[in-house]
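Asker: Structure incoming, see below.
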């Protein structure tokens, strides 16, 4: 009897194990959810490494003079080879106030456009503008960028430049068709730790980079009232997924040479329930919101074509220290920016002139502060060697905004490929829709389009263009 029970139990366990294995194979065999990749129109070509005729003076029109636009005017007034031709905002008083920045800098006032939500179109239609610089709310970014390029202008668009795949493809197709630059104004790729770490990666200090992390973790509770017509909180209320991924994505993708030798292939995302968003609205207005879409925290995991991974987080709702989570994991080393900047390296990866006593280095803890400073000085990026002092004086998120604008103008004046192209824009913005699709399908994997449409491996590694 005991033997029969034992035999029955063994058979049952075997059948259960077989069923579990079969289920696992079935799940692992599921193809990722596919999204459409529109065919490239006949005669249209990619804009990888796009160069355009040199501009001795870059004539600029700026749309949006709220939280960020006036700072851009201030920075451009200090960058050689620029001219602010036109300013635009719905509110006339913002245009008038921003004109004071030009006057204070000893520059002529710009043409003014205001009083209408369509006034920006007149700015784009001017024939004396080379670059339209767009710093408005998210929902208007892509439309303005497309319109600017269609009217013969390069487009520089604040993050995120596009919120849907449809908007992304419109920007790509317009840039390819018009042969105009379309750059997303992602400033975090120019921050000092990030750019130094990128240079270290290029020099092989970390070995092969296998994994990178990024995030936007910033409690915006005190800032919600300052967004015009409550647009930002309203967007989070209506949209699920990582709606603001670019600050984390940009530096991480540059580390992994995305569309410069590798490409993002699949994404899996999940989120928490929404708690603090609806609570904030109830506290401020008394309204009970039962369908607030954006979870307090959203996490996305991405696999690349060459077997590397990215982890991206979004949280603007809970009280946490500010963090962009910048992290690089290599075969021979590690970099981490938050909460404390640190490097962890094999002793062999550190030159003896930096750390003469190798016994004090190991791969289980960070290098000393002294060694870290020496590494950051040794591998300081050439862009920082040129611009760091001025950038910190001018300011703009500690100087990285100035470097971003300077590099944009530098490349346009020298006829060089920009530091970021329209495919970077696409890759860093696509999480807004793709993470939502994954979440709404039980965190299923979603295929990430090849926004270069077959050209992701043509450029060998990410580098900044420099004039000879």
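For all residues, glycine too, the Cβ spot is worked out from N, Cα and C.
So Swiss-Prot has the following annotated:
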- 1-19: signal peptide (SIGNAL)
- 67, 68, 89, 138, 139, 140, 141, 158, 159, 187, 244: NAD(+) binding site (BINDING)
- 216, 232, 244, 245, 246, 247, 322: substrate binding site (BINDING)
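Could you place these features in context, so I can see how deep they sit and what lies close by?
Answerer: Counting only residues at least six positions away in the same chain, the Cβ atoms of 184, 185, 186, 244, 246, 247, 428, 429 sit under 8 Å from the Cβ of residue 159 (NAD(+) binding site). Following the DSSP three-state reduction, the secondary structure of residue 159 (NAD(+) binding site) is coil.
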Asker: Which chain-mates of residue 232 (substrate binding site) that are at least 6 residues away have a CB under 8 A from its CB, listed by sequence?
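Answerer: Spatial neighbours, sequence-distant, of residue 232 (substrate binding site): 137, 138, 220, 224.
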Asker: What same-chain residues, at least 6 away in sequence, bring their CB to under 8 Å of the CB of residue 139 (NAD(+) binding site)?
Answerer: 163, 231, 235
Asker: Between the binding-site residues 216, 322, whose Cβ has more other Cβ atoms within 10 Å than any of the rest?
Answerer: 216
Asker: Would you count the other CB atoms within 10 A of the CB of residue 244 (NAD(+) binding site), including those on all shown protein chains?
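Answerer: Looking across every protein chain shown, the total is 25.
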Asker: Give the distance between the Cα atoms of residue 67 (NAD(+) binding site) and residue 322 (substrate binding site), rounded to the nearest whole Å.
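Answerer: Per the Cα atoms, residue 67 (NAD(+) binding site) and residue 322 (substrate binding site) stand 19 Å apart.
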